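These come from TrEMBL:
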BINDING   B:166, B:167, B:168, B:232  NADP(+) binding site
DOMAIN    B:6-121  domain 'Tetrahydrofolate dehydrogenase/cyclohydrolase catalytic'
DOMAIN    B:140-285  domain 'Tetrahydrofolate dehydrogenase/cyclohydrolase NAD(P)-binding'
């Protein structure tokens, strides 16, 4: 039986609609509009597209968008000074510095200067730590979106055997923390894992975040499992044209899985939606408010 | 074949000897002696014993020990003020506030006020976060000691299937991070895990940290596995006398495992030894030094 396809575009739209409703309520009840500042240094074409999309969706949700575009050769100290200014600006509830930064900058130094309460990417060590110990925290957008996708198919993930393939700071590790919060039994597998196919075969929920095209084979998937594919890989087809594939061998996996996210149109659209959600959460945290 | 017994007393003595050698070298080459401040609020008998042992071993390693004993009814603000003073004191390289604090205090507030560079317990969210993302960090003492014990039997843990039973902030979660750093495939199991015996049966390395006497049965252990027992449980024997047992059914597990830590005399002695090790590491970090 073919898997249920989890439509990330539809679910991301739902997340954005919820954000817009939250924003409208905050404006009406508290008289303020959350704002997101995005800092882009240099001319990386992919980064420019991301930043444009982020700004556009921020405005569509009724929030304020502040864009800061700096030249590739901007001195690090200028970026640090901008972050300090944004930290101090009450109109700015979220600060995102688009990665990668030019090579002459210390990315960690820049990221760690961001006020953790405004760190909507969730990469600051304070947020990583708070997420781990179960305090209120801003969590990285892609893993947050992945959990929403999994829960759209099965609301209660408690007790599931979850296998996260990949241990990056941006996806794999925070994903493991979020799934532990959902009461999954969590296994983190990676390049040094022995018998990866066997490890994946035990999983009721697989999250593939390795960055290798179609690396996870259909034959590794346990029948009925939920498959969340975080990979976005550009490959060449036989006709020489490019296409985007995930980290999972989709066609084969979709024959076995209970549910699967497509690439594109799965996890991808969730990332910006969850960034907007984090911006509202950041605004609430800064004012000591909880979501109802 | 009976398991190799990992003698925590011997290995802890080795760790303390290394600390004493580091301390002697720091004194000789840099002219300073690391200092550890321990804050005890109230009269909890177990806490008083821990604090006394910590102070004694600190001095035995050649370091300075500063003890602060405050009455049970001390106002929270006085404890916070003491932490601020210790943060600012250059003679104090490590600060440990003995848990549990009296009920009228917010433990998180006190712990988060400690300068992360002096947080030798490794409980501050900044250290939790830095440990997770692979930066230099102070890591919790019991998990650090557990890794040393496992590595005393098998130096390279890379690729091992490690199962951590228990997901506390003090042991389970940091243990998982440390084993991931050792390149193990790491599974975190807990009270909501289905078929725990089957999960443990897959493990080349088991860390039991649940706090339930002899909860992990000998029959769950894979032949040849390394078993690290973090539990310290006081139980009554049939003759009405008390004894200390771990979280693992020791006698049965020792028949199957490749190596096992006894209780007492396994992980227990490692905790203070690793606290002293963390104090030296904190002193090095504060001065921008690396261990050779």
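The backbone N, Cα and C atoms fix where each Cβ goes, glycine too.
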Segment confidence, the domain 'Tetrahydrofolate dehydrogenase/cyclohydrolase NAD(P)-binding' (B:140-285), expressed as mean pLDDT:
97
Is it possible to get the count of other C-beta atoms within 10 angstroms of the C-beta of residue B:232 (NADP(+) binding site)?
17
Largest pairwise Cα distance, Å, within the listed NADP(+) binders B:166, B:167, B:168, B:232?
16
When C-beta separations to chain A are restricted to under 8 angstroms, which of the binding-site residues B:166, B:167, B:232 qualify?
B:167
Residue counts in helix (H, G, I), strand (E, B) and coil for the domain 'Tetrahydrofolate dehydrogenase/cyclohydrolase catalytic' (B:6-121), per DSSP?
62 helix, 19 strand, 35 coil
Out of B:166, B:167, B:168, which of these binding-site residues shows the lowest number of other CB atoms within 10 Å of its CB?
B:168
